[in-house]
Amino acid sequence: MSKAVFTPSTLLSARGALHMAQILLCLVTFVLAAVRGGSSHTYWNYAMFTWAFCFIMTLVITIIEMMKLDIVLDLFCMDWPDFATGMAMCSALMTVSVAVMYANFYACATCVYGWVVTAFACLCGLVYVLEVVKDKCLDKKTGTYLAALPGFFKCMEAFVSCIIFISLTGYRDSIALILCVVAYVIPFPILPVIIATNILKKLKKRLPFNLDRFVFIFLVISVVLYIFTAIMWPIFMFRNNPRPSDCPPSYCVWAIQFMVAFMTYVNLILFSLDLVFTLLGICGFRRT
């Protein structure tokens, strides 16, 4: 096997320039938000995690491609173009949503610094969207899993689950709502395992069971759990709990509780479509 060769010329390509812009903007946005001051707010913590995660992943991908290690990885354990494009799609989803979230909670008419961070957050999301447009529309890259519908559906399900988790509040005094939280938690850790196993082709082939059948069973259970929460959360959270008259459009506890209900229905739709597509074997989904 040939040695890894350092090729900084990859940074001069359009892809390399986008990666450098992503790394720089994620770092600057993270530092600006950190300088603004710490917060116990879950949305702030999630925003900081997103910028740090995207910075690290883009840096790792750039270093691997500079060292030409992607050729080795593509040969032995994964479809590298699919992984790189899929990560760009996930990063675009995360950074764009965080930009909207940060503007909603931390930017106001008198919050100049909040608008500065929001502007950099929007630029951060823009460069990831540009990479996705370049890969999918200009370069016509077709994914095998992560950059295709089956993998991206799993990423969206995990993303919506994260939004639900950071929005959970006011459930501790109700057994029914606690059961809803348990129902949210059960599918979540399995999603990254399914994604990672499908990305690592060699690992998938060595599994002692049929992964596609396991995914089908997982989807059925997830749909049942989300049907349960879609019924129970609105009933036990909003019964005798109307929206307060002093609840502002951008933020209040009731609005966050409503966000949980809304995202529950979004994830129910995603899991249901995932299950139907898997049953029919369409749009790149493997029929079980």
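The backbone N, Cα and C atoms fix where each Cβ goes, glycine too.
Sequence annotations record features per position, and here TrEMBL assigns domain 'MARVEL' to 10-140 (among others).
Feature annotation from TrEMBL assigns transmembrane segment to 43-64 (among others).
Summarising the annotation, TrEMBL assigns transmembrane segment to 85-106 (among others). Sequence-remote contacts of a segment are chain residues at least 6 beyond its ends whose Cβ falls under 8 Å from one of its Cβ atoms, and for the transmembrane segment (85-106) they are 22, 26, 33, 36, 41, 43-44, 46-47, 50-51, 53-54, 57-58, 61, 114-115, 117-118, 121-122, 124-125, 128-129, 131-132, 135-136, 141, 143, 145-147, 151-152, 155-156, 159, 163, 250-251.
Long-range neighbours of the transmembrane segment (112-133) within the same chain, counting only residues 6 or more positions beyond its ends whose Cβ lies under 8 Å from a Cβ of the stretch, are 15, 18-19, 21-22, 25-26, 28-29, 32-33, 36, 47, 51, 54, 85, 88-89, 91-92, 95-96, 98-99, 102-103, 106. What TrEMBL records for 112-133 (among others) is transmembrane segment.
Under the heading transmembrane segment, TrEMBL lists 145-168 (among others). Residues 42-43, 45-46, 79, 81-83, 85-87, 89-90, 93-94, 97, 135-136, 181, 184, 187-188, 191-192, 194-195, 198-199, 222, 256-257, 259-260, 263-264, 266-267, 270-271, 273-274, 277, 283-286 of the same chain sit 6 or more residues outside the transmembrane segment (145-168) yet have a Cβ under 8 Å from a Cβ within it.
Note on the domain 'MARVEL' (145-283): its mean pLDDT in the predicted model is 88. Marked as domain 'MARVEL' by TrEMBL: 145-283 (among others).
The transmembrane segment annotation in TrEMBL covers 174-194 (among others).
Per TrEMBL, transmembrane segment is recorded for 214-236 (among others).
Listed by sequence, the residues of this chain that lie at least six past the ends of the transmembrane segment (256-285) yet keep a Cβ under 8 A from its Cβ atoms are 148-150, 153-154, 156-157, 160-161, 163-164, 167-170, 184, 187, 215-216, 219-220, 222-223, 226-227, 229-230, 233-234, 237-238, 241, 243. The transmembrane segment annotation in TrEMBL covers 256-285 (among others).
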Within the same chain, the residues 6 or more beyond the ends of the transmembrane segment (174-194) and with Cβ under 8 Å of it are 154, 157-158, 161, 164-165, 168, 211, 214-215, 218, 221-222, 225-226, 228-229, 232-233, 235-237, 264, 271
Lying 6 or more residues past either end of the transmembrane segment (43-64) yet within Cβ distance under 8 Å of it, the residues of that chain are 10-11, 16, 19-20, 22-23, 26-27, 29-30, 33-34, 70, 73, 84, 87, 91, 94-95, 98, 101-102, 105-106, 121, 124, 128, 162, 166
Give me the DSSP three-state residue breakdown of the domain 'MARVEL' (10-140), ordered helix, strand, coil.
113 helix, 1 strand, 17 coil
Give the residue counts of the domain 'MARVEL' (145-283) per reduced DSSP state, in the order helix, strand, coil.
102 helix, 1 strand, 36 coil
